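Swiss-Prot has this to say about the protein:
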BINDING   CYS46, CYS49, CYS53, CYS81  [4Fe-4S] cluster binding site
BINDING   LYS83, GLN150, ASN175, CYS179, 212-219, 243-247, 262-264, MET372, GLN376, ASN482, 508-509, LYS531, ASP558, 718-727, ASN802, LYS819  Mo-bis(molybdopterin guanine dinucleotide) binding site
BINDING   PHE794  substrate binding site
DOMAIN    39-95  domain '4Fe-4S Mo/W bis-MGD-type'
SIGNAL    1-31  signal peptide
Amino acid sequence: MKLSRRSFMKANAVAAAAAAAGLSVPGVARAVVGQQEAIKWDKAPCRFCGTGCGVLVGTQQGRVVACQGDPDAPVNRGLNCIKGYFLPKIMYGKDRLTQPMLRMKDGSYHKDGEFTPVSWEQAFDVMEEKFKTSLKEKGPEAIGMFGSGQWTIWEGYAAAKLFKAGFRSNNIDPNARHCMASAVVGFMRTFGMDEPMGCYDDIEQADAFVLWGSNMAEMHPILWSRITNRRLSDPNVKVAVLSTFQHRSFELADNGIVFTPQSDLVILNYIANYIIQNNAVNQDFFTKHVNLRKGATDIGYGLRPTHPLEKAAKNPGSDASEPMSFDEYKAFVAEYTLDKTAEMSGVPKDQLEQLAQLYADPNKRVISYWTMGFNQHTRGVWANNLVYNLHLLTGKISQPGCGPFSLTGQPSACGTAREVGTFSHRLPADMVVTNEKHRDICEKHWQIPAGTIPAKVGLHAVAQDRALKDGKLNVYWVMCNNNMQAGPNINEDRMPGWRDPRNFIIVSDPYPTVSALSADLILPTAMWVEKEGAYGNAERRTQFWRQQIKAPGEAKSDLWQLVQFSRRFKTEEVWPEALLAQKPELRGKTLYDVLFATPAVSKFPLSELKEDQLNDESRELGFYLQKGLFEEYAWFGRGHGHDLAPFDDYHNARGLRWPVVEGKETQWRYSEGNDPYVEAGEGYKFYGKPDGKAVIFALPFEPAAESPDNEYDLWLSTGRVLEHWHTGSMTRRVPELHHAFPEAVVFIHPLDAKARDLRRGDKVKVSSRRGEVISIVETRGRNRPPQGLVYMPFFDTAQLVNNLTLDATDPLSKETDFKKCAVKLAKV
């Protein structure tokens with residue numbers, strides 16, 4: 001085999017990434033260069049995290065056989081992380097589902113029956129009966145859907161349209177509720193628009209990086225490689241890492257800070273105080289572009305109303321705020337002194353001062369990065385608001401090399417869950433169901449009767465669990481996620497609700513996950529390049545890919561499932577007479593006719609596809625479905641700062657960052673010369689707000705919902721590891737990744753282990769007030785908790801860590817706090 005220099009470098013990149021994780025490289029990855037004539041290559045975004053790396057997918061004889069980093073992709077520039085190099089193997093687990101499976105007994109559906117193969121016709125027959133019965137007897141609030149930040153853009157759009165316009169139910173929510181909802185509400189409160197204003201190009205221009213509750217070395221390794229390159233290429237560049245335990249990102253840190261859980265709120269207010277006390281406020285920017293408001297406090301913890309913490313809260317769930325003066329804000333943060341902050345956080349004073357100095361130095365361009373440490377937090381929205389405060393006080397925002405940046409964990413948590421509006425309270429392009437004008441815009445564009453979309457916010461993720469247990473939500477369709485394993489407090493509401501005979505649960509998934517095996521009907525799903533798709537990453541980059549192979553057996557894409565199921569319902573079966581009277585021409589039509597086969601959606605012919613191009617859904621329907629749905633959806637954002645490019649542009653590019661105006665993408669929003677919506681002379685304009693000004697919020701420290709006590713004496717924090725993604729339903733089916741980290745462990749401080757007579761490798765029972773798991777003690781390795789805290793990853797189906805977690809949420813975002821609950825350990 002003869003290797004070119006470029007091919008040699010690619011092969012070495014694979015080997016280097018594998019070696020860094022202690023893994024062997026599959027032969028197919030080593031040999032890809034020599035097989036280029038035999039393998040067909042096409043581009044796609046990676047299937048895993050929200051970084052949005054570009055990969056080249058190699059297919060041969062109807063299978064994905066190879067994958068390499070796309071050297072033309074601006075995000076990763078040809079490099080993959082270890083999960084990315086093993087992408088081909090995620091699709092070929094031995095237990096891949098290839099036909100629908102229904103619980104049956106004596107030849108028919110039974111809640112306690114055994115999973116039995118059925119046809120799609122039989123599966124849809126049962127689903128249709130369950131949906132129609134619930135709609136007739138209880139109405140739209142009795143049905144619901146739990147979707148995903150892994151849906152393609154048109155899958156999420158089709159799901160939202162089917163439920164909100166078709167079934168007239170806002171009970172649709174994505175698993176992004178568990179990871180990005182606090183970021184969404186934080187952006188909306190401060191800026192009036194969602195998603196970061198900066199981009200990854202900031203990395204090469206920044207002078208300092210501050211990680212707030214983000215282990216980028218393992219969770220966003222490609223971005224971390226760029227930060228590492230920037231840090232090592234300039235001795236003046238600084239990195240600060242804040243976490244409740246030490247992890248791999250600390251290895252690069254100039255200032256590694258371990259703080260007491262929940263005290264990040266204190267540290268953030270201290271830095272604001274430091275900026276003011278040291279005259280580091282950018283007065284010109286602040287005066288022209290910022291308002292000040294004091295937020296409501298004592299807002300509860302998103303628990304059931306009967307919980308003592310909710311009863312005790314003075315303003316449960318309040319998003320209220322009132323204007324305040326700068327002097328009032330100055331007095332508010334003045335309480336967060338260095339002494340008080342050091343005492344509450346456990347962080348040495350010199351480290352706190354070093355951190356504050358990064359933000360206060362007018363000559364340092366600072367990027368703040370965060371992920372789940374901020375967002376999965378009972379005051380996650382506040383944490384987001386408070387970090388924005390630091391950038392707004394100093395004017396370090398919306399310019400190259402500086403700004404706040406919320407990183408995402410799923411490939412299209414931004415592009416689908418957030419931008420499309422698959423949350424229970426949202427509509428496309430930052431619109432919301434509670435706004436009559438927004439509903440009217442959607443109804444007119446979709447050409448459905450006025451009043452079709454309900455004004456009431458639907459059930460969010462945790463509320464869905466509670467409604468299932470309470471018998472109020474009776475038909476529940478789960479797509480593209482494994483929430484039985486990933487969601488909080490499994491045994492309290494979710495498992496009882498799923499197995500309640502009153503309820504019918506459908507799970508669409510490629511594999512028999514914990515969720516699938518807990519359901520009543522499993523629908524086999526096409527994966528990744530087995531369908532045409534689009535994702536939107538963390539830097540507002542929308543990326544397309546084409547279908548490159550067919551799905552195995554009878555597996556079908558989520559889009560196919562949604563669109564085909566809509567054929568089962570006529571308008572008079574789901575809409576009241578008052579609505580039909582407005583548009584009598586819709587009588588007798590199916591939801592497919594009204595939502596998906598409309599002139600707007602079906603106007604793009606199959607001739608726009610190349611003759612040999614795979615596209616199973618479109619070829620079955622007779623029109624280019626994906627293009628029709630995308631163009632209909634993109635209309636919502638064009639003209640007011642959410643502009644997406646024409647459909648075809650994305651197939652010809654390595655992604656484009658919105659707003660895309662006159663063919664040009666936007667790297668930095670809200671600043672003159674960078675954002676087409678900021679006019680000459682305005683300098684900055686935060687145009688999501690009516691007056692064009694961003695908001696600094698005064699928000700205090702409030703304690704966690706649950707803290708260690710005499711009985712449950714340790715904090716538990718949960719999360720991920722490099723080798724596995726979320727619940728491991730894909731990565732654990734890759735032998736190399738599974739063998740690299742085969743089972744979950746409890747990372748614990750050696751002194752905490754010694755005090756409990758535990759040694760490395762011992763079996764240990766981890767218990768909370770909600771449940772228990774048996775795990776293995778780990779006193780060494782990549783994660784090094786302080787005394788008083790343990791860390792556990794949640795990928796292991798044999799150790800359902802969410803048996804332990806509390807379903808407390810941020811009352812504003814409804815996002816769960818997976819980082820803080822109390823546990824105890826006992827040797828087994």
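Numbering starts at 1 and runs along the chain as it is shown here.
Keep in mind that glycine also has a Cβ here, set from the backbone N, Cα and C atoms.
What Swiss-Prot annotates, mapped onto the structure for a quick look.
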residue: CYS46; record: [4Fe-4S] cluster binding site; DSSP (3 states): coil
residue: CYS53; record: [4Fe-4S] cluster binding site; DSSP (3 states): coil
residue: LYS83; record: Mo-bis(molybdopterin guanine dinucleotide) binding site; DSSP (3 states): helix
residue: GLY213; record: Mo-bis(molybdopterin guanine dinucleotide) binding site; DSSP (3 states): coil
residue: GLU218; record: Mo-bis(molybdopterin guanine dinucleotide) binding site; DSSP (3 states): helix
residue: GLN246; record: Mo-bis(molybdopterin guanine dinucleotide) binding site; DSSP (3 states): strand
residue: MET372; record: Mo-bis(molybdopterin guanine dinucleotide) binding site; DSSP (3 states): helix
residue: LYS531; record: Mo-bis(molybdopterin guanine dinucleotide) binding site; DSSP (3 states): coil
residue: VAL721; record: Mo-bis(molybdopterin guanine dinucleotide) binding site; DSSP (3 states): strand
residue: HIS726; record: Mo-bis(molybdopterin guanine dinucleotide) binding site; DSSP (3 states): coil
Of CYS46, CYS49, CYS53, CYS81, PHE794, which binding-site residues come within 10 Å of GLU218 (Mo-bis(molybdopterin guanine dinucleotide) binding site), going by C-alpha to C-alpha distance?
CYS81
Identify, in sequence order, the residues in the chain of CYS46 ([4Fe-4S] cluster binding site) that are 6 or more apart from it along the sequence and have a CB within less than 8 Å of its CB; answer 'none' if there are none.
GLY52, CYS53, GLY54, VAL55, ASN80, LYS83, GLY84, LEU87, PRO411
Let me spell it out: for each of the binding-site residues (CYS53, GLU218), count the other Cβ atoms within 10 Å of that residue's Cβ, using every protein chain shown. Which one has the most?
CYS53
DSSP three-state assignment for the residue listed as 'substrate binding site'
coil
Structural state census, the domain '4Fe-4S Mo/W bis-MGD-type' (39-95) (DSSP three-state):
9 helix, 20 strand, 28 coil
Whole-number Å value for how far PHE794 (substrate binding site) lies from HIS726 (Mo-bis(molybdopterin guanine dinucleotide) binding site) (Cα to Cα):
7
Neighbour count first, Cβ atoms within 10 Å, every protein chain included; then name which of LYS83, LYS531, HIS726 tops the list of binding-site residues.
LYS531
Rounded to the nearest Å - Cα separation of GLY213 (Mo-bis(molybdopterin guanine dinucleotide) binding site) and CYS81 ([4Fe-4S] cluster binding site):
21
List of residues, in chain order, with Cβ under 8 A from that of PHE794 (substrate binding site) and at least 6 apart
GLN485, ALA486, THR718, GLY719, ARG720, HIS726, THR727, ALA744, VAL801, ASN802, PHE818
From the Cα of CYS81 ([4Fe-4S] cluster binding site) across to the Cα of GLN246 (Mo-bis(molybdopterin guanine dinucleotide) binding site), what is the distance in angstrom?
21
Which same-chain residues, if any, lie at least 6 apart from VAL721 (Mo-bis(molybdopterin guanine dinucleotide) binding site) yet have Cβ under 8 Å of it
GLU218, PHE741, ARG782, PRO793, PHE795
For CYS81 ([4Fe-4S] cluster binding site) and MET372 (Mo-bis(molybdopterin guanine dinucleotide) binding site), the CA-to-CA distance in whole Å is 20
